[in-house]
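**Q** Not my notes, these are from Swiss-Prot:
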- 88-129: repeat 'WD 2' (REPEAT)
- 132-152: region 'Disordered' (REGION)
- 369-410: repeat 'WD 6' (REPEAT)
- 421-443: region 'Disordered' (REGION)
- 449-483: repeat 'WD 7' (REPEAT)
Amino acid sequence: MTEPLDWRFSQTFGGKGNEDASDANVVPAIEFDQTGDFIAVGDKGGKVLLLKRTHDKQSSKKSKLPEYRFYSEFQSHEPEFDYLKSLEIEEKINKIKWCPKQNDAQFLLTTNDKTIKLWKVYEKKIKQVSTSATTTGPSYNGSLASNNTRSPSHTTYIYNSSGAHNMNNNMNNSNNNNNLNNFKIPKLTTRETVVTATPRKIFQNAHAYHINSISLNSDGETYISSDDLRIHLWNLNINTECFNVVDIKPTNMEDLTEVITSAEFHPTSCNIFMYSSSKGTIKLGDLRSSALCDNHAKVFEEYEDPSNKSFFSEIISSISDIKFSRDGRYILSRDFLTLKLWDINMENKPVKTIQIHDYLKPKLCDLYENDCIFDKFECTLNHDGTQMLTGSYHNYLHIYDRNSKQDVCLEASKQATKSKTKTLTTKMKLRSSKKEPKKPEDIHPDAIEYTKKTLHCAWHPKDNLIAVGAANTVYLYAATENK
């Protein structure tokens, strides 16, 4: 059995705690870019915060833990109002996805409930005209002379409205006129470099229901967006049209039995995508089979004994998030109580089922009354698919091993960050700690604060580094192998 990784707290970005968290600063989206050098964080106020990893030698000598610093922040979405439906459209960022880098510019997709935007983020040099530099001697054809000695055979004429004048004669008489000897030439210099974000494309008026997912294709040119009943295929360079690839809306809405909860493209096969439903099923679609993929290529569903069904069965079986492993071999799904790992070649049952918080089953009535039972927890895998991450209540986050029963439980809290504090900007803070992981058996349901929850998480594409969002704060944890 492999030794568990030694997870340590690395950094935190955000506010001062749940009690001080304003609604606009709550974090609903976190995403690493393809290199892992950037982290994008979206908040409920429509802003996107970008963090950049530092690679300076001095920081690496002091600590082996990775360090991220503030890079940029911009307003992605504004609150809107749909006058046709008399509905307010929140500015909250639902999802963020990084696009392939082009030249020195970063590109990313952001979406709220209705509108998707493609942003270009780049470093812009602000130039200014510096103080004029004084140069002695006349200028001819752009060259500067250090003195006023010229060849006798070289005569230069200048023309104006009064006619031609011999410039050599003027130069001989310039000893009494310093204004002709001293030329002030302005110089253009770079004053500063600022990070600028500009919207390149706006994709809108395609979704009648709230957008819950966006996923970039492996071809780097297309992506899908899904709402409760439809999935659309877009081209990044065309925002005037899209193609509907899945439509589960019935003719009569009274016959509606399920909704789409999440969708994602295959990491390597550009024609394959999957989507999950509120019935607990995962369906695989193939764009080569037909333009409209209502007839799925595969369906992943686990049989449930009818005798075990209850009033809450359908609610807790609804899948809140799905992820492909980076090689496309496995599918990770999360519902309210469990985390399931599926083999793409085996549809009838998952290869691994993990009970996240089985101790909450007796409290389902209470969770239904306070609406916690409808919370949507995200999940993710590491770069080789051997580690799985998801969140829970009381700001707990669980890291599971695919090949064993290892469960590393960490608590994302401010109490873990008292040892060292360093202010980076007015909007961010960096803290370090060595708090030991919590044992899962030490968790007591009666002591759990259900207002504290880690719903959103992301894993570095190459390293053992995770980012989780709790209220208005982002926590970073890094791990090393025990020796």
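Positions of Cβ are set from backbone N, Cα and C atoms, glycine also.
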**Q** For the repeat 'WD 6' (369-410), what are the same-chain contacts with Cβ under 8 Å, counting residues 6+ beyond its ends?
**A** 1-2, 4-5, 7, 261, 312, 315-316, 320-323, 325-327, 329-330, 332-334, 336, 339, 341, 352, 354, 356-357, 360, 437-440, 443, 447-450, 452-464, 466, 468, 470, 477
**Q** Go ahead and report the DSSP secondary structure tallies for the repeat 'WD 7' (449-483): helix first, then strand, then coil.
**A** 0 helix, 22 strand, 13 coil
**Q** For the repeat 'WD 6' (369-410), provide the mean pLDDT of the predicted model.
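**A** Taking every residue of the repeat 'WD 6' (369-410) together, the mean pLDDT is 93.
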**Q** Take the repeat 'WD 2' (88-129) and count its residues per DSSP category (helix H/G/I, strand E/B, coil), listing them in that order.
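**A** Counting residues by DSSP class gives 0 helix, 31 strand, 11 coil.
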**Q** How does the repeat 'WD 6' (369-410) divide up by DSSP, counting helix, then strand, then coil residues?
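**A** Taking the repeat 'WD 6' (369-410) as a whole: 4 helix, 19 strand, 19 coil.
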